[in-house]
Every structure is written in C-alpha cells, then in structure tokens.
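Sequence annotations record features per position, and here TrEMBL assigns compositional bias 'Basic and acidic residues' to 165-178, 187-202. Taken from TrEMBL, the feature disulfide bond applies to CYS337-CYS340, CYS669-CYS672. Taken from TrEMBL, the feature domain 'Thioredoxin' covers 288-413, 619-750. The region 'Disordered' annotation in TrEMBL covers 165-202.
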Amino acid sequence: MADIEECVNRRDELLTSKLWLNELKSQYIKQVKECAKDLPTDFEKFPSSIHTYIDHYSNSYAQNRDAIIAYRAREIFAERLAGAAFIPNDSELKKLEASVAEEERLLEQVQLRLNEKVHVANEKIDTEYEGYQNAVDLSRENEELINEISELEAELESLNKTLEEKERREKDVVEQQSRELQSTHNDLVRETAMRDDMDRERGRLEDRLKRLQSDEEKRRMNVVDSQEQQKLAKRWIRSIGPVVSAKIENSTLLLTLGEGVGEMSGRRLLVEFNTLGNVVSVKTDDGPSVALVACGLAATASGDKVESAVKVLNNSNFEQWTASQNLALVEFYAPWCGYCQAMAPGYENAARELKSDSISLAKVDCMAEKTVCDDLDIKGYPTLKVVKDGKLTNYNGTRQESSIVNYMRKHNKPLIQQVVWREFDKFVQSDHMVVVGFFDEKSREADVLKRIAQEAFDDYTFGYVNDRTLAGKQGISYPGLAVFKDFDTRKDIYEFASDENTVRSYIRSSSVPVLGELNAQTFSTYVRSGIPIGLLFYSTDEMRKSLESEYLDVAIKYKKSVSLALVDARIYHKHAKNLNLQPAWPAFAIQEPTKHFKYLLSQYKRMKVGDVDEFVGNFIDGKVEPNFKSQPIPKPNDSGVVDVVAKTFNDVVFDKSKDVLIEFYAPWCIYCKRMAETYKELGEFFKDNASLVIAKMDGTENDIPSADPSLQFPGYPTIVLVRAGDNAIFQYNGNRSLKSFIAFIKKHAVNSESHTEAAVTVEGAQGDEHIYIEAPKHAVGYTPKDTRHIEL
C-alpha cells in the first residue's frame, strides 16, 4: 500500500514537473518570440548587446535541459500509471532510461542545429554591421573631404589671383628684357660686323706684314750678299794689280783695269761670282766672254778662289759619303727657295767652324738630284738631316749658324756625361734643361736614363753623378733624379721610379713651366713634352693677371698629368677656333697633341676655378669625351662617292665588312679640284660593288675621330684605303689616274677577286694592265695642310 502511495506521489510530482516544464517552455518560447519581435530591422538602430540576448537564451535553455529530460521520464511514467496501476520493474526502467537517452540525443542534435544557426546568424550580423560601419566611416570621410575640397577651392582661387598678378608682372619684365635683348642683339650684329671688318683688316695687315717681312728678309739677304760681295770684291781688287775703279751691281763686279795688264789694259771687266766666291763668268763691257788667263787672272783666281766647306752630294755619291760619316749634317735645298738662300752663308760658316770638330756639312740640290730626295721623301726646303754612324735622323734645331754649331757639337758628345763635383755647377747651367741622374754607373737606373736620352737627346742635356755625398748636398736621394732648368722652379727633384714611363713623365712635366705662356716660341716645347695641354684663353691683360693668380694652384695640382698654360686669344684666336671654341673669353680646353684630340669645358656658363679643377680631374680619370668638329650628316646620294663627316666617320670607314677608300680634301685645294672628276669616275666604276666604298671628307670642316697616326694627314689631297677585316690602313701615293687607283685597290683590298673581275669592264681598260707605281708628292701636286696650331 505504501508503495502505491509512493508511486502516486511520484506521479503527482511528475505531473507537477510536466506542468512546470510546459510553463517553462512556453515562457522560453514567448521570450524568444518577444526577443525576435524586438530585433530591429534598421541596422542603424541595431543594439550593440544583441550577442548578450543570444547568450542569455542559449544559457537558459542549457540550464533547463536536465529538467526537460526528467520531465519526459516522469511523463512516460505517469502515462503508464494512468493506463495500469502497477509498479514498473527493472526492465521497464531500463527501457525508460534508454528512451530518455534517445530523447536526450535528439535534443543534443536540436541543440547543435540551433547553435549552427545562431553562429551563421552571428557571422551575417557581424558582416552586415561591419559594412554598415564602413559606410558610416566613408560617409564621415566624405564629409571631411568635402570640407577640405571647399577649403582647397578657396585657397586655389586665392593662388590664381596671386598667379595672375605675378604673370602680369613677369610679362612686363619679359617685354622689357625682350626689348633689351633686341637692343643687345642689334649691338652684337653691329659688333660682329665690326669684328668681321677688323678680321678682314687684320688679314690685310697680316698679308702686308708678311710682304714687309719678306721684303725685309730679301733686304737682309741683299745686305748679307752685299757684304759678302764687298769682301770678294776687295779680294779680287787686291789680286789683279792696277785697278782704276771698282763697282758692285747685284752679283757682278765691274772693274776698270789700269796699265800693266797687257792687252786688257784700260778695259772694263764684268766679273760674275756666287756667294761662295766662285767665278761664274768674266766678260768685257762690250759683251764677249774672256778667259781668265787673258787678263792675267788665272793664277790669282786659282790662288784666291774660296773653296766651299760644304760638300756637294749627288745621286751617285750620296750613299757612299753618308755611310762613311761618323757625324755630319746634310741640307736638302732648292735653288729658288728664299729660305735656303738666306740660310746659305750661315750654313757655310758653320761648316768651316765645325771642321775642327771633324763634323762635316753637305748639301743636295733636290731639283737636280731628284732620286735621293724622293727616296728620303723630302717634302719641303730646306730640310736638314743628321748623319750619325751612317744613319739619317731629323735635325731638330733652328737654322741659325750658332744653333747649327751648338746642335752638332752636342751630338758629338756622349748621350750621358759623367759629372764630378768640380764641374757640377757648370754642367747644370750648360743648357736650357739639364737632366742629372744620381746612381751607380752600372745600375738599372743608368740603363733607364740612357734609353730616355736616346729619345730626348735633342731636347735635354743628360748627365749622371755616382757621388752619394754630392747627392746629399743637393738634397737628392740616391738613386734619384733632378731636372735643372733656367726658368720656373729652377730645380725639380724626384725619386728614381722603378717604371721607365714614370721617369719619362717626370722629365716631360719639368720641361714646361707651371702656368706659363703658350705662344709661337713655346708651343713646340709643350708638344714635345707629350703631356696634354690645358689652355686658358684670355683677351685682356687684366684677365690674364686674374687667371694667373686664380689657377696657379690647379696648375700645380695637375702638373704631372696636364700642363696648364695661358694663351692670348687676341693673337691666337685661330687656334681657339681650331679647338672648336666660341669667341667668348675666358675659355678653357684641353688639347692632346699625341692623339690630336680636344676636350672643351662648356662655355654656356661663366668659367670658374672649381669647374676647371673638376673638368681636369675628370679628364685624367677618362670621364670626358673628346669634341670633334663635324658638318651635318649628309643625305644619301646616288653617286658612287659617299660623303663622310666626323659624325659618320667611324661607322663608314671602320666597317670591317667593307674595304673603304677615302679622300681627305680641301675645297680650295687646286689639286683636289683637278682630281675630282677622276675620283668621281672611280666611284661610278665601283658603284655596284657592295664590298667596296669610295668616300671623301672635307678635312677643313671635320675632325678625324681616331687617334691612328696613319689618319693624321699632313696635306691635301690625302687618300687612304682601310682594309676590310683588320682595318689596316694603306696610304695612296701613286699618280691620280683611274688605272692607278684600280691597281692600288686590287693590291690592298681584301675582296680583290671581285674587284679584279669588275676591273675588266672599265672603259678603255680592256687588255691594258693596271699598274700602281708610287710617285713623289711634288710630282703629282700636293697642298700642305695648315698644321700650325699656334700661328707663326
């Protein structure tokens, strides 16, 4: 009975729980619905605590899950009690527990699905809220940007007003400057016209000066001849007995004889002689020539005849005589040459003076002895060559008698002289520049200085000292080197470098003064030094003083690499033009004589010391490109001759796939004009030959952008062939006929087979043999190039 009551009580409790759970479920569902109803549709009003709501209801459901499970168990139990009044056994209870477990599993699945839906809803809400927040931020930024744009528009309007005012003022200034520039331009035009007039007047004055100098030279020569003739006349008068009167006219001695000379007594004689005292002819005043014996002059003439000290050489004895000479000097002259005539008396006197030194002087008449002169390629008169141990070298002295004597006596001395302390001071003052080495006689340094002396013997006197004590007194290391000179620093001291080229550069750098004056007298010294020359052009004496003081430190800094020198642009303006400089001073350029290259400092701004310093440093470092004068690139033409300018030179001439024959000409050269038609025919002849280019270049308007010495031509016309493949250069020295040109090309061109095959089609050449024979320049006509970088 108690058990039944207990079951009834349990049932009541389950029913109560069921009611409670139903109520709880209703409340839960109601609350969820209310929450769902309260959820806002406008995201702007979406509550920030939405996650709090979701968490609250999820936790509430989880807390009541056990109660729901218990409720379900009680509900099943109550249903059983209502249907049958019995107490369930263990088996029934286990089934009930299994049913409850299944219900719990289903509830868990419901829970999981609910959680997933909540998670998805949460992510969607977060995404949409983030988009909303971004939209709000963008709206705020947009509003800020609108405000900033408004401010900028206001500022821009203000700037526009300011700019308009500034433009108006600048326009007024530009108009004023334009008027001033126009006025300046007009002044420059007038000044240019005046300068042109001055240049023309200068040219006329220079021509007049040259004529006056020529007249003065002739007058001086006449004075010299007159003095010499006076001496000869006196000697003749003393030799021939009684003379009533004597008179000199030109090169003729007019004598009126007295009594005691036989049939010639009282007769007038016209005796013609040359500058050497040799009688050319003797005539009476009525015309017929007479023998010297006829007037009793044979013995006197032969007795007093002045024998020339100068040996006369010809084609037959030249080689034998020069081979037998230890030291001699040979003059190659032309009888019509005024310079040769002016030099003749001094050359004769030098020959007499040098006899005591066993040094012979000789001469060759190139008009009569063409074979010798052509073999030695004598191009001008007079040309002097030194003969030493049978070998000929160029004479590098001047033509004065004293210079010839000193030059030849110097060559009669050893290359390097040993100097002892007693003679040291005298020796270092014996020449313009004296190079003294301080080392042991048999040392590497001695060998180096000997090799340098062989190259530069004409420019310096060389000696050596093997006295350590003397070296110490001179403040020179041992081994060491010193260059003594009569200018500038007086003495330059160097340590004897291990590299021969360094020693050579030391001597060369000492040969030119630090920031000296470059002119006609000093130019050759600068060129022979082998060092690039930095030219500072000035146009006034005040400008020169300023440049000399401002650029001295720069000159000292780069002394061993670049020789800075001052140049008067008023005198040497043509040299500035040759360097491609504009006539605006001061100006600076570097000239590299060994390569014939030039490097210009920009003239677009005022020259400053720092700019020149940097420019020279960059030049030494190889960072400056040379400047080449060039005509504009020509348009292609359909003729067989290609026009080349400096800008196209390397591309055309050094094209390794082709042979290139190029002529360097001058528009004013008469020999170039004579050859033009033949050269044009040569171009037409090879026009269809793709492997050969016939070209020409105006050498007066274009620089050659190549340091190859074979292309540094001395005059016009110069013709060279640059061979395909190795770009070897061959100079054309033949006559200027079409056949000779073709033969030259066949001889030197790489593609000679195709040229030979084409050659048979030349007009008038069938069956003829093309022969190339070299001819001397004087035989074919040649205009020397004006190579005077400094006008002499």
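Heads up, the Cβ atoms here are built off N, Cα and C, so glycines get one too.
Note: TrEMBL annotation is automatic and uncurated.
What TrEMBL annotates, mapped onto the structure for a quick look.
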residue: CYS337; record: disulfide bond; CB count, 10 Å: 15
residue: CYS340; record: disulfide bond; CB count, 10 Å: 21
residue: CYS669; record: disulfide bond; CB count, 10 Å: 21
residue: CYS672; record: disulfide bond; CB count, 10 Å: 23
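Here CYS337 (disulfide bond) is positioned 25 angstrom away from CYS672 (disulfide bond), judged by their C-alpha atoms. Counting residues per DSSP class in helix, strand and coil order gives 40 helix, 29 strand, 63 coil for the domain 'Thioredoxin' (619-750).
A separation of roughly 22 Å, to the nearest angstrom, links the Cα atoms of CYS669 (disulfide bond) and CYS337 (disulfide bond).
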